[in-house]
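Here is the structure we will look at, set down as structure tokens.
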Amino acid sequence: MALDASSLTRKLHVFSAKYVKISEETTRRARRLVKDYIEGQIIAYITENSNIEIQKLEYTGSFYEGLKTENADEADIMVVLKTPGSGIEVVQSQVPGYVHLKARDAPMFSKYMSPKGYIKAKKLRNSWFQSYVRRAVNKIEPQPPHSEVRLVVRSHGPAVQVDIIRKGSEEMLLSVDLVPCFQVEDSWYVPKPFKGKRYLSRNELLWRKTFSPKEKQILASMDKDPNGQGGCRHELLRIVKTVVKKPVTSLPLDSYHLKAAFMHYNDRGDLDWVSEDALGKNFFGFLMELQIRMESRNLPNYWLDGINLLDDFKEDVVKQMANRLRRILNSEVRLNKILE
């Protein structure tokens, strides 16, 4: 299909304004809720009452990367725990991307350690972190201008999820994933459960290496050109994240897969991000990149060698995605349809 990049760019700007961009009001509200309830009360309560100390907070995920779409209703915060003076030893496991964490002279973690000194991921998250979050929520004091809310706590993967809900209407104002983690030198580890097919006798000791802070460094600043030219990367990725969820497109790719594919695409040195029709050219180019990845059934983890993110999907699902993308790329009618 011959590409009219200028026309496509105009349509993409209209689509972005209509379906993608989030309002300043909801963004300000999300930041205020994090400040008043998460930082000001939950984190403050844990800091004041637990013998396990919090070193710092890392603000990660789409909201803080400038990639959130439609509504500012989710936030991700990594709660970095202070390690003992003797430090934490990282011991490689047999599972790619997962490690064991061994602590010495660390009485604050003794309840959550194996006899050999390995920190139990699930036990630390549930018995300590989630327990303290629940206690903090039970003592929450309403904070204007958002005082008519209630907080609900639940488990969510490696996180303790705190939902801030408007009383009466039951409207979800903000859902915050709080993830306890350890930072060892320039690496971060979170208690993400292992869900692989092989049986592991001690999977409660596994900690997942996460690259969220490094990912944020790349994604949050990717349009800050040193020459001051900027670019359209943020807008492009927000648009694609929105497009893939539309029923007419229906690609079961989540933000995690799209960010990885985009970082690979962005590493190419021959891309134009600043011309008037750059958005249209790169929208088409990135969809082609996704189609090629699906066709070859190969989307490498951006950070870890030997991990194919498409292994998350059944083979026929990947084939369907490849075919769907090919039909969109080969038909102007279908391409326009996904932007309606």
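The count begins at 1 with the first shown residue.
Placement of Cβ uses the backbone N, Cα and C atoms for every residue, glycine included.
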Going by the ATP site in Swiss-Prot, where Glu74, Ala75, Asp76, Lys241, Ser255, Tyr256, His257, Leu258, Lys259 are listed, which of the candidates Ser62, Ser275 is also part of it?
Ser62
Given that Swiss-Prot annotates Glu74, Asp76 as Mg(2+)-binding, name the residue from Asp163, Asp177, Asp186, Asp223 that shares the site.
Asp177
Count the other Cβ atoms sitting within 10 Å of the Cβ of Tyr256 (ATP binding site), across every protein chain shown.
12
Of the binding-site residues listed here (Lys241, Tyr256, Leu258), which is spatially closest to Asp76 (Mg(2+) binding site) when Cα positions are compared?
Tyr256
Rank the binding-site residues Ala75, Leu258 by the number of other Cβ atoms within 10 Å of each Cβ and report the first-ranked residue.
Ala75
Residue among the binding-site residues Glu74, Asp76, Asp267, Asp270 whose Cβ has the most other Cβ atoms within 10 Å:
Asp76
